[in-house]
Amino acid sequence: MAKPVLVDTDVMVDFLRGKSKAVALVQELSAWIILPGIVVAELYAGVKGDEELRGLDSLISLFRVVPLSLEHARAGGLYKKHYATSHGVGLADAIIAATAEAENADLKTLSTKHYPMIKGLKPAYTQTSQSQ
């Protein structure tokens, strides 16, 4: 079985906006994508209207959603404690990193600076002003 791929909120938002690089990435990796509960919550927080809500419900149903466990919460809290001051890491990103680690998943994000605890992390794709 292939290694799971945890997709960060920024990539999913680009996908929902129809940005070609995000669409290609999500389509290519769809069978292996996992979403932490915190990413799902962030996506729902941005929903505008019932139609978007139904569309997001349908999209989320295609992927495995990983609930926040004690292991993820503990590691995420410790990441936040360690990296918040030096790197400005927020709790959501700390939990996402901890979830990726616990699930042995590759993290796909555009916000690599939010994840100093993941060595060698590269952006999921490059953004350009014409990335439609």
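Cβ coordinates come from backbone N, Cα and C, glycine included.
Feature annotation from TrEMBL assigns domain 'PIN' to 5-107. If you look up TrEMBL, you'll see D8, D93 marked as Mg(2+) binding site.
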Translate the DSSP assignment of D8 (Mg(2+) binding site) into the three-state scheme. coil
Can you give the mean pLDDT for the domain 'PIN' (5-107), rounded to a whole number? 97
Excluding near sequence neighbours, so keeping only residues 6 or more apart in the same chain, what lies with its CB under 8 A of D93 (Mg(2+) binding site)? S111, H114, Y115
Relative to the Cβ of D8 (Mg(2+) binding site), which residues of the same chain, six or more apart in sequence, are found under 8 Å away? V39, I96, L107, K108, T109, L110, S111, A124
According to DSSP, which of helix, strand or coil covers D93 (Mg(2+) binding site)? helix
